[in-house]
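Trainee: The structure follows.
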Amino acid sequence: MATDPRKILVTCALPYANGSIHLGHMLEHIQADIWVRYQRLRGNDVNFICADDAHGTPIMLKAQQMGISPEEMIAAVSEEHQKDFAGFDISFDNYHSTHSDENRELASHIYLELKKNGFITSRTISQLFDPEKEMFLPDRFVKGTCPKCKAEEQYGDNCDNCGETYSPTDLINPKSAVSGATPVMKDSEHFFFDLPQFESMLKEWTRSGSLQTETANKMQEWFESGLQQWDISRDAPYFGFEIPGETNKFFYVWLDAPIGYMGSFKNLCNKRDDLNFDEYWKKDSTTELYHFIGKDIVYFHSLFWPAMLDGAGFRKPNNVFVHGYVTVNGAKMSKSKGTFIKAGTYLNHLDPECLRYYYAAKLNSRIDDLDLNLEDFTQRVNSDVVNKIVNLASRNAGFITKRFDGKLADNFAEPELYNEFIAAADRIAELYETREFGRAIREITALADKANQYIDEKAPWVLAKEEGKEQELQEVSSVGINLFRVLMAYLKPVMPELAARTEAFLNETLTWEGVAQPLVAHEITKFKALFARIDPKKVEAMIEESKEDAAIEMAAKEKAEAEKEKASQTELDKDPIADEIEFDAFEAVDMRIARIISCEEVPKANKLLKFQLDIGGETRQVFSGIKSAYKPEELEGKLTVMVANLKPRKMKFGMSEGMILAAGPGGKDLWILEPHEGAQPGMRVM
């Protein structure tokens with residue numbers, strides 16, 4: 001008896017909109033996409049959504065550094081993110097942004113509901129404040145010396161050197177990472193979500209049995225240490241949504257970020273008539289909601305998020321699926337080693353389906369870190385996908401197309417073997433459902449081994465040379481093609497592009513239930529190469545490009561730091577005061593007010609302008625090296641200051657009878673001295 005399709009809403013954690021997608025991000029998105037594609041393959045109604053997390057201080061400051069608005073920056077980043085996800089065949093139904101009208105409305109609604117229900121409190125707190133930038137500083141925007149190990153240049157929340165955690169006020173000699181200024185303490189009213197009121201509900205949710213064991217255990221630790229009120233506000237300047245009814249107060253990015261799941265779905269509902277927002281988010285919804293996230297954000301998704309939803313009258317997630325981190329070659333991803341690999345860099349060199357397969361082969365339902373060993377990656381994909389699975393088709397297709405006009409045998413010669421392959425469907429289905437993808441892949445490759453063993457034993461290449469073996473050759477090759485068909489149906493959630501090419505070859509759409517019966521008397525198309533093996537040289541080229549990208553980024557960062565350091569210097573730091581002189585020496589310099597009668601460029605001189613100056617009854621010709629800062633027509637008629645008793649100097653272009661005074665380091669940064677109104681040509685400057 002057929003059951004109604006499940007209605008499922010699936011989300012991935014929202015990538016932050018200030019940088020590129022890398023292979024660490026791709027683990028989660030590939031994991032979720034495989035699960036979503038499996039559910040769709042089984043006939044379930046799935047909506048798969050995501051968005052960019054587009055608010056917060058880091059985005060505001062990076063946009064300032066780039067000289068563009070935050071809106072311009074997040075739009076460009078969103079375009080890049082969506083291109084990368086599409087490159088890996090991540091089948092989102094909608095990709096949106098937390099900086100959207102839908103998200104603003106929902107964040108305001110949830111906040112006001114929480115406030116109305118008594119879950120929002122306020123109090124005055126003291127925070128570090130940058131007096132130059134006039135902004136409060138998040139922990140990661142304060143640097144100083146670790147109070148424990150005395151390591152310098154440590155962030156305001158923890159020490160990378162010794163691992164100590166502390167308050168930013170504990171740092172020795174704290175400095176603003178934004179301006180370099182010494183921060184001061186300043187009071188401000190902040191708003192808090194009263195999380196402790198939800199402890200009983202959260203404990204019950206934890207005991208539901210659906211959460212991963214590691215997540216439930218971690219939540220128990222948090223319960224034992226005591227839940228704390230959560231600061232959900234930030235002061236201006238801040239890029240985000242203003243809190244309703246408040247002035248210069250904004251929602252902390254982590255309040256509106258998970259609401260972005262709802263905002264993205266709301267945006268999708270506005271595009272489609274068949275979707276109802278309330279059906280999926282109302283308190284008593286019978287639909288299913290699942291979040292795929294990394295282990296670094298469990299706290300927000302397992303405590304704050306379900307509590308916020310419950311307090312505002314919405315449903316809670318059915319589950320939060322947590323994964324570990326990605327390491328490369330057994331170590332943390334490294335820019336200097338070229339193992340911090342951006343998604344776009346990978347796509348420049350390798351087939352995305354290779355990574356999809358490798359991640360699937362190593363994923364399970366636990367919160368384990370996954371190591372992308374590049375040598376093993378190459379060997380496993382080439383061995384499993386090319387040698388075992390795709391080779392099964394290539395070994396048999398030629399006989400069918402050349403000898404039998406592309407037609408499979410009228411009867412199926414190995415029903416028992418085929419039934420063994422079909423019997424594995426329920427086991428593999430359960431493994432997909434429970435996210436035990438690695439075990440599912442092992443089941444599939446074990447079947448591939450059996451299929452290849454059968455072909456090795458029957459040796460169709462030998463049968464092709466023997467008279468009277470035509471029917472057996474067709475039957476054996478047809479068995480091989482059909483077993484390949486079953487394997488590809490099972491692999492379709494993992495390798496959708498390979499599955500699509502297989503469907504074109506088989507002249508049939510692959511479905512989970514459809515492969516229950518073999519293809520007989522069915523016409524296939526001429527075999528074309530379905531999948532290319534990984535060339536180790538392409539892996540090396542990917543690493544080299546990653547190193548080059550890192551070097552360019554480092555050079556740009558160092559340049560920006562140098563410019564920041566230079567900008568923080570005073571003019572006296574840049575150009576210290578000269579040695580003292582006696583008053584008589586100064587008195588010997590005769591400075592006079594001069595009116596610029598005319599100014600013109602000097603032919604063949606890169607820096608010089610030629611001036612005619614009126615100094616009150618006398619005209620002087622002066623050459624001055626300020627061409628890079630001024631156009632001649634900008635200066636004519638202005639008053640300025642000149643040294644009038646400087647000994648005339650004969651130059652290539654004529655006699656210079658004095659010196660015009662200007663301030664600045666040089667180049668375009670030069671400014672002539674201009675007296676106030678009332679000064680007259682010829683007056684002495686005292």
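Glycine residues also receive a Cβ, built from the backbone N, Cα and C atoms like all the rest.
Copying in the features that Swiss-Prot gives for the protein in this structure:
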BINDING   C146, C149, C159, C162  Zn(2+) binding site
BINDING   K335  ATP binding site
DOMAIN    585-686  domain 'tRNA-binding'
MOTIF     15-25  motif ''HIGH' region'
MOTIF     332-336  motif ''KMSKS' region'
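Where in this structure would I find these features, and how exposed are they?
Mentor: All protein chains shown were included, and the count of other CB atoms within 10 Å of the CB of C149 (Zn(2+) binding site) stands at 12. DSSP assigns C149 (Zn(2+) binding site) to coil in the three-state reduction, outside any helix or strand.
Its Cβ placed at the centre, K335 (ATP binding site) has 15 other Cβ atoms within 10 Å. Under DSSP, K335 (ATP binding site) is assigned to coil, being neither helix nor strand in the three-state scheme.
Outside the motif ''HIGH' region' (15-25), and at least 6 residues removed from its termini, the chain residues within Cβ reach (under 8 Å) are 50, 52-54, 56, 58-59, 62, 73-74, 77-78, 80-81, 84-85, 97, 325-326, 328, 333, 340-344, 346, 355, 372.
Nonlocal intrachain contacts for the motif ''KMSKS' region' (332-336), taken as residues 6+ away from its ends with a CB within less than 8 angstroms of a stretch CB, comprise 22-24, 326, 546-547, 550, 553-554.
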Trainee: What does the DSSP secondary structure composition of the domain 'tRNA-binding' (585-686) look like, as residue counts for helix, strand and coil?
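Mentor: Per-class counts: 7 helix, 46 strand, 49 coil.
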Trainee: Please work out the number of neighbouring Cβ atoms within 10 Å of the Cβ of C146 (Zn(2+) binding site), leaving out its own Cβ.
Mentor: 22
Trainee: In the same chain, outside C146, C149, C159, C162, whose C-beta lies within 8 angstroms of the Cβ mean position for the Zn(2+) site?
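Mentor: After dropping the recorded site residues, what remains is P147, K148, K150, A151, Q154, D160, N161, G163, E164.
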Trainee: Give me the count of other Cβ atoms within 10 A of the Cβ belonging to C162 (Zn(2+) binding site).
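Mentor: Counting Cβ neighbours of C162 (Zn(2+) binding site) within 10 Å gives 12.
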Trainee: With Cβ-Cβ distance below 8 Å and at least 6 positions apart along the chain, what are the contacts of C159 (Zn(2+) binding site)? List them in sequence order.
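Mentor: The answer is C146, K148, C149, A151, T165, Y166.
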Trainee: Under DSSP, the motif ''HIGH' region' (15-25) has how many residues in helix, strand and coil?
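Mentor: For the motif ''HIGH' region' (15-25), the helix, strand and coil counts are 3 helix, 2 strand, 6 coil.
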Trainee: Please report the distance from the Cα of C162 (Zn(2+) binding site) to the Cα of K335 (ATP binding site), rounded to the nearest angstrom.
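Mentor: Cα of C162 (Zn(2+) binding site) to Cα of K335 (ATP binding site) measures 22 Å after rounding.
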